[in-house]
């Protein structure tokens, strides 16, 4: 054999050895990752993975109802890029109008990115995440007629405000959806609030869940931190709430609740809310201890909760402030609870993605056992981010086994 052939054989042999070593290394890494993952999942008591979801992909979601919350959930989704929006349904909007309403927003400003119409679909590119979502559009009136499965949507955000009961929301399953998240309070669906009780999500038994209300998301984290550290004996909540689309621009009929029909931009309107009582559902220890009401005010966005409560454990207001400041910086509450000691007003929180931002300078204490606590929340943008976060968490649980 000539020297050149011998040299080539040696090179081939070395390459083969190198490939074998690389393959062995990859297999070792995979073994370590799988074993570590099993350990983590066993500690989390996660034992079930629905077969319909590919664990290697982000959650694919559809949005039913492209109103205020539907559009902002879509905006939050493409900006965070932790889920993929693959479908939107709205029987009252054509494709061009959807693109227009998504691109231009009087409250939250023009969308940072590009919105295009492509072969009957929406193509949304976010300058924030540099991600592009191609979205199939449906215009069906009935949830069961929406072909979520054909678009690849496993999770559906029910944001019409109409199908809030489980019996109605489950109609989405007929079209191929696997899970439904209702972006409103529900009488009978399990309510999950991120940071408060989201870990109670049961992948095997929870097909339809509610993300509760924006006010429950604003109140519950605050109430949980206070109750865990000082104990809440009882409390009253008032939310000073921004105008919503259900209100009237000028006086008009409004069924049983006559005051709700008065002009939204002319009045401060007392209204009922189940947000405080709902806290008892997500924090069982507070069940029956909280109730509340609302004042609807003539502002387009951002609301504020006033929680006045009696404490079991005496505390100075400075101690309460320090507790909430530490909570806002902790991994458990980061992104959920915010903290400010600046001289802020409501518009300063437009576009804030926290569930609840404690205002240290706005609260007062009558005595060590009786305090008034104030916390802001963007009732549109912050809430929409929690919807996306909840689906992201559900997908992680659904694919972990």
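Note that Cβ sites are derived from N, Cα and C of the backbone, with glycine treated the same way.
Annotated transmembrane segment per TrEMBL: 15-34, in sequence order.
According to TrEMBL, the domain 'Glyceraldehyde 3-phosphate dehydrogenase NAD(P) binding' annotation covers 59-214.
Secondary structure at residue 69 (NAD(+) binding site), as computed by DSSP, is helix. Taken from TrEMBL, the feature NAD(+) binding site covers 68, 69, 90, 183, 379.
As annotated by TrEMBL, D-glyceraldehyde 3-phosphate binding site applies to 213, 214, 215, 244, 273, 274, 296. Secondary structure at residue 214 (D-glyceraldehyde 3-phosphate binding site), as computed by DSSP, is helix.
As annotated by TrEMBL, active site, nucleophile applies to 214. Listed in sequence order, the residues of the same chain lying 6 or more apart from residue 214 (D-glyceraldehyde 3-phosphate binding site) and placing their CB within less than 8 Å of its CB are 303, 377, 379, 380, 382, 383.
According to TrEMBL, the site 'Activates thiol group during catalysis' annotation covers 241. DSSP assigns residue 241 (site 'Activates thiol group during catalysis') to a strand in the three-state reduction.
Of all the binding-site residues listed (183, 215, 244, 273, 379), 244 has the fewest other CB atoms within 10 A of its CB. DSSP gives residue 296 (D-glyceraldehyde 3-phosphate binding site) a strand state. When the recorded positions 69, 183, 241 are compared by Cα distance to residue 215 (D-glyceraldehyde 3-phosphate binding site), the shortest distance belongs to 241.
Taking residue 68 (NAD(+) binding site) as the reference point, the binding-site residues whose C-alpha atoms are within 10 Å of its C-alpha, out of 213, 244, 273, 296, are 244.
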